[in-house]
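Data first, discussion second: the structure below is written as structure tokens.
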Amino acid sequence: TATVDCSDYPKPACLLEYMPLCGSDNKTYDNKCSFCNAVVDSNGTLSLSHFGKC
């Protein structure tokens, strides 16, 4: 199972790097930072489906 360490999030701003991740909500996130911020916002209900686009 793919995992991402989001322990040092949320961050106020994300870099514009493009390394897509697919969330359990079937949404493609541009990078780890935007994904982890969404994980924090979801109170831990969002998880990583896989690396790459959904």
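Including glycine, each Cβ sits where the backbone N, Cα and C put it.
Positions annotated as disulfide bond by Swiss-Prot: Cys6-Cys36, Cys14-Cys33, Cys22-Cys54. The annotation domain 'Kazal-like' is assigned in Swiss-Prot to 4-54. What Swiss-Prot lists as N-linked glycosylation site is Asn43.
When averaged over the domain 'Kazal-like' (4-54), pLDDT in the model lands at 95. Listed recorded positions near Cys6 (disulfide bond): Cys33 (candidates Cys22, Cys33, Asn43, Cys54; Cα-Cα distance within 10 Å). Residue counts for the domain 'Kazal-like' (4-54) by DSSP state, with H, G and I taken as helix and E and B as strand, are 10 helix, 9 strand, 32 coil. Neighbour count (other Cβ atoms within 10 Å of the Cβ, all protein chains): 19 for Cys33 (disulfide bond). When the neighbouring Cβ atoms lying within 10 Å are counted for each of the disulfide-bonded residues (Cys6, Cys14, Cys22, Cys36), the highest count belongs to Cys36.
Taking CA atoms as the reference points, Cys14 (disulfide bond) and Cys36 (disulfide bond) are 10 Å apart.
Put plainly, the recorded positions Asn43, Cys54 were compared by Cβ crowding within 10 Å, and the winner is Cys54. Distance from the CA of Cys33 (disulfide bond) to the CA of Cys22 (disulfide bond) is 13 Å. Geometry remark: Asn43 (N-linked glycosylation site) versus Cys33 (disulfide bond), CA distance 16 Å. Taking CA atoms as the reference points, Cys33 (disulfide bond) and Cys54 (disulfide bond) are 17 Å apart.
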